[in-house]
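Straight from TrEMBL, the features:
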- Asp39: active site, 4-aspartylphosphate intermediate (ACT_SITE)
- Asp39, Thr41, Asp445, Asp449: Mg(2+) binding site (BINDING)
- 75-108: region 'Disordered' (REGION)
- 472-595: domain 'P-type ATPase C-terminal' (DOMAIN)
- 534-554: transmembrane segment (TRANSMEM)
- 664-755: domain 'P-type ATPase C-terminal' (DOMAIN)
- 666-687: transmembrane segment (TRANSMEM)
- 694-714: transmembrane segment (TRANSMEM)
- 720-746: transmembrane segment (TRANSMEM)
Amino acid sequence: MGKAAYGWMVMRDESIPGTVVRTSTIPEELGRLVYLLTDKTGTLTRNEMVFKRLHLGTVSYGTDTMDEIQGHVRASCPQLPPPAGRNSASSTPPRKAQPSAPKVRKSVSSRVHEAVKAIALCHNVTPVYESRASVAAETEYAEADRDFSDENRTYQASSPDEVALVQWTESVGLTLVSRDLASVQLRTPSGQVLTYSLLQTFPFTSESKRMGVIVRDESTAEITFYMKGADVAMSSIVQYNDWLEEECGNMAREGLRTLVVAKRALTEEQYQDFESRYTQAKLSVHDRTLKVAAVVESLEREMQLLCVTGVEDRLQADVRPTLEMLRNAGIKIWMLTGDKLETATCIAKSSHLVSRTQDTHVFRPVSSRGEAHLELNAFRRKQDCALVISGDSLEVCLRYYEHELMELACQCPAVVCCRCSPTQKARIVTLLQTHTRRRTCAIGDGGNDVSMIQAADCGIGIEGKEGKAASLAADFSITQFAHLGRLLMVHGRRSYKRSAALGQFVMHRGLLISTMQAVFSSVFYFASVPLYQGFLMVGYATVYTMFPVFSLVLDQDVKPEVAMLYPELYKDLTKGRSLSFKTFLVWVLISIYQGKPPAAPARGLSAFSPLLSPPARSRKRAVASAVSGRSRWSRKRVSRQRVSRPLRKQGGVLMYGALVLFESEFVHVVAISFTALILTELLMVALTIRTWHWLMVVAEFLSLGCYVASLAFLNEYFDVAFITSAAFAWKVSAVTLLSCLPLYVVKYLKRKLSPPSYSKLMS
């Protein structure tokens, strides 16, 4: 119930709207995290792509020179013949060459136009038009509403990168107006619509890291194979050049996501030959995937490199202060991403995951055991620096030097793993759990992060543009990375502290009454007679003590503002001092003290010998039965029974007072001890509470009121005349005070001599 209450409080927090708790078993794990493993795209960044750079090899265009690209596109597009069925007079006539224009200018214009056209054709984006006509006139005005109006068009695609590229081509003048399974239509700046037939489409996969299309220009019947992908996949496909690797590295250092675009012109015979082989490969029964890939690779040879694009993925709001807060809280952050090394390093620095003044050790690519050994030795000599390692090098090191690599990596303030596959992400989480024995948390937003999230002790998913796969698979779901700070610093702290207090009190409540029962049984020769029977036991476990103990879920040691302002307080939680073997033993000693103090001296045991005879033992069992309400023996006769001195020296604070101080009313031991037991439990809860809530006060008085009201109906267990007397009141008060006052004094001295870390902040 307490964990369910924690989840409800998290979802009701207005500071982190949209947070969903999908599990009620591990909320306290949020307060003991040491390692945070995060994805980059969509987690630290918004997954909102903005086109920033176009590089053609000899010339580069940035955000401030996009108007030049627009001019090149506008100058080149009219040279294309108009599509069939359209009046050529309605379009702009072909531009004549200007004598003053240099020849290289025309070459640049045509290259820019080819690059923009390739970007506008090679994608999986579909334009969608919203109907503005009424339902009754939907059929009549359907075509009119699809008149390619810019304000009525939206783009849909599987990746935001694709949408960003198509939106950029629209901004420079080449607009995607229609796409279906068979054709693609582009609109030029002059309003001319160019139609291309889609002959083949090769979708993007994580293995190939590229996608391509084969199109036929309806006006010229030219067949072209366009392809784009990551530089590592395209570098071996395009023709030799001396600038691709360098420029991709430069863009990656600026934090841009790069794509390489290339093309290859096909003749009709070449395409027909490819189509026949491709169809035959798709119909193959054995090794179909390998055969299809082999046929496609036959086209991916000596392709003409057109351009390299750079797209920026903006950081999410408040990522920098959140990472700074988590780092100050003692949480080590590892970024696991599939992007290239330069991009991951740039994002790590721009997001302050790695401070700009902090050294960064880039793990060199290794492929053998010897190389891995040398590189690990070089890394061992570095002190207090962030580690940047690629997935291939990580795989080699884990194969031969798993323990050494994890030992060195765990000492780093931050680790960046680039080019990581989903399997590698999950393996890193498992290795951290195995080698450090510490709590881990994984956070991501895409389907490729699901394995990592499920492998961690605590999984957090972000509802982003890549769907809800990570959100649904995680233990907690948030809407943005900035909410992670409050989720850990405030709710993680509260859940852990409250669960520790709640668990200790449940244990104390059961151990206390068990100790009293042990004392009672030992006094009466271990007779199988319960001290409290029937409704007394049921009431003690429910209405008499349940509400105050459960109200501890409202307790808080520091205010949320203080926890967010001083994240260093989170470090104490990771040590596990709130619930450990030490605190367990302390509460066991408290329960024994309140239920059973040290036994009587050994010299007093000789007095038991007269009671060992059968008549004495039978008489004591009869007294026990009468006290507990199980015998019809006269209460007045029991009241006259006297207990020997050694028996009075046995027992605890509660039983000691009843057996020693009030021997003349021995039959009232149950009433005195049970009432003192209830009051002791209520006072112990009150002494533990750090910040009072009005519901806590209501719970205390409600439980006390339920007990007082039930006394009138418990004639079977209590003597009404005795419990309404002043003697009963002061005797119960004395026993309760003796049980709680020393503990309060010890607690007060401990706070004065060894105050908690947050005491100065609260004052």
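Here the Cβ of each residue, glycine as well, is placed from N, Cα and C on the backbone.
Note that the structure is predicted; figures quoted are calculated from it, not measured.
Residues 535-536, 539, 543-548, 550-551, 554-555, 675, 678-679, 682, 685-686, 720, 723 of the same chain lie 6+ residues outside the transmembrane segment (694-714) yet bring a C-beta within less than 8 angstroms of a C-beta in it.
Looking just at the domain 'P-type ATPase C-terminal' (472-595), the mean pLDDT is 86.
Remark: Asp449 (Mg(2+) binding site) has Asp39, Thr43, Pro422, Lys425, Ala442, Ile443, Gly461, Ala470 as non-local neighbours, by Cβ distance under 8 Å and separation of at least 6 in sequence.
Between the recorded positions Asp39, Asp445, Asp445 has the most other Cβ atoms inside 10 Å of its own Cβ, all protein chains included. Within the same chain, residues at least six positions away from Thr41 (Mg(2+) binding site) with a Cβ under 8 Å of its Cβ are Asn47, Asp313, Thr337, Gly338, Asp339, Asp445, Gly446. For the domain 'P-type ATPase C-terminal' (664-755), the DSSP-based tally of helix, strand and coil residues reads 77 helix, 0 strand, 15 coil.
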